[in-house]
Amino acid sequence: MLVQGFRLVLKLVPGILVMLAVALLARGGADLGFPQWRGLEALFASNPVTSKLLIDILHLNYILISILAGMLFRNLIGLPDVLKPGIRTSRLFIKIGVILLGSLYSVADLASLGLNAFIIIFVFIALIIAFTLYLGQKIGMNRASASILAAGTAVCGVSAIVATAPAVRAKTSDVAYSIATILSVGVIFLLVFPPIGTLIGLTAHQFGVWAGTGILNSGQVLAAALAFDHGTADRVSESLKTGEIFNLARIIFLPFVVLALAVYNSRGEDNDDEYPAYTGFWDKFPLFIIGFFVVVIMTSFGLLGETSPPSPGIVLIRNLYNWFFAIGLSGLGMQISFEELRKAGGQPLLVGTAAAVLKALLALIVTLLFIPARP
């Protein structure tokens, strides 16, 4: 047993080291004892031309650099088989980062933001699911295909598609097309949200609401929020702090959405039985959210140290989650294949793009009309 565990760890090491190297390339090595390398973000910021274009306008920071570098690595060099097991741990790094993100909040923070977040997210999920199912039916998509696309656009992107597919017995080909559509639109949103937010004058809090509501994939919400305002160990990113509350609110709705879509499909036509039937409400509940709330409670009771000014323990945690996000999102970039993105076409692309654009526009309108500049 011990030998098998050791072998598994050895399989993961090469891919994790490559993700760390990409994060180091983007973020710099000061935190790891290599102050000589400041990172690509610092290099771009030191030049007046690149600083204005890439940093001030496009909000290119170590998070976006990590993702883009990962994508280039995957598509220009390729992923050898020896790296793939480690690269697949990228979601684990992101989830650990989200758990540590609980150090930004207290119970009072969640109480002030949480109710509004849940109301807005509930309305958006219901609206986007209804729109996607309606449009999918109108153009001739089968129920299962439209359902997984609805879950992906309304809740949290690829994770929602993967969670919903067994419940509605979706075809493998439909899952692939839906994922390709979500990734294609999501990459575009990730790149255009920060500059649009800057051009129309959104505050960091308002941008967090817009990104947390309007961007499709959970990882892309984190990336866009950090791109808009990445903060420091002493000053938290307000866009990340707000955006992640809205992001987590919609993730919490995932098991309810899966259950509702399973019931909806049970009244429709038979689908390809490539997946087992949905077996339980808690099967797809994202357990890392529990870890997030545990850290929130620890922070509220001062178990991690003072938050204002931040204690050395809090500063360490904030540095850690920045590294976990950089490593995880670089791996996320390595899992984006341009070839797979090109597969998105026909009905899924039309319906998914329409639903995603509607969601982004409505989220922006709600943000401009109802969300104050400061929380």
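Glycine is treated like the rest: Cβ placed from N, Cα and C.
According to TrEMBL, the features are:
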TRANSMEM  12-30  transmembrane segment
TRANSMEM  53-72  transmembrane segment
TRANSMEM  92-108  transmembrane segment
TRANSMEM  114-136  transmembrane segment
TRANSMEM  148-169  transmembrane segment
TRANSMEM  175-200  transmembrane segment
TRANSMEM  207-228  transmembrane segment
TRANSMEM  248-264  transmembrane segment
TRANSMEM  285-305  transmembrane segment
TRANSMEM  320-338  transmembrane segment
TRANSMEM  350-371  transmembrane segment
Assess whether the transmembrane segment (148-169) lies in contact with the transmembrane segment (207-228), where contact requires at least three Cβ pairs under 8 Å among residues 6 or more apart in sequence. yes
Under 8 Å for C-beta pairs, could you tell me which stretch among 12-30, 92-108, 207-228, 248-264, 285-305 has the largest tally with the transmembrane segment (53-72)? 12-30
At a Cβ cut-off of 8 Å, and with pairs 6 or more apart in sequence only, do we get at least 3 pairs between the transmembrane segment (207-228) and the transmembrane segment (350-371), yes or no? yes
Long-range Cβ contacts under 8 Å made by the transmembrane segment (114-136), restricted to residues 6 or more beyond its ends, are 143, 145-147, 149-151, 153-155, 209, 212-213, 245-246, 249-250, 253, 257, 261, 264, 347, 351-352, 354-355, 358-359, 362-363, 366
Chain residues outside the transmembrane segment (12-30) and at least six past its termini with a C-beta under 8 angstroms from it: 36-42, 62-63, 65-66, 69-70, 73, 82-90, 93, 322-323, 326-328, 330-331, 333-334
Among the ranges 248-264, 285-305, 320-338, the one whose Cβ pairs under 8 Å to the transmembrane segment (92-108) are most numerous: 285-305
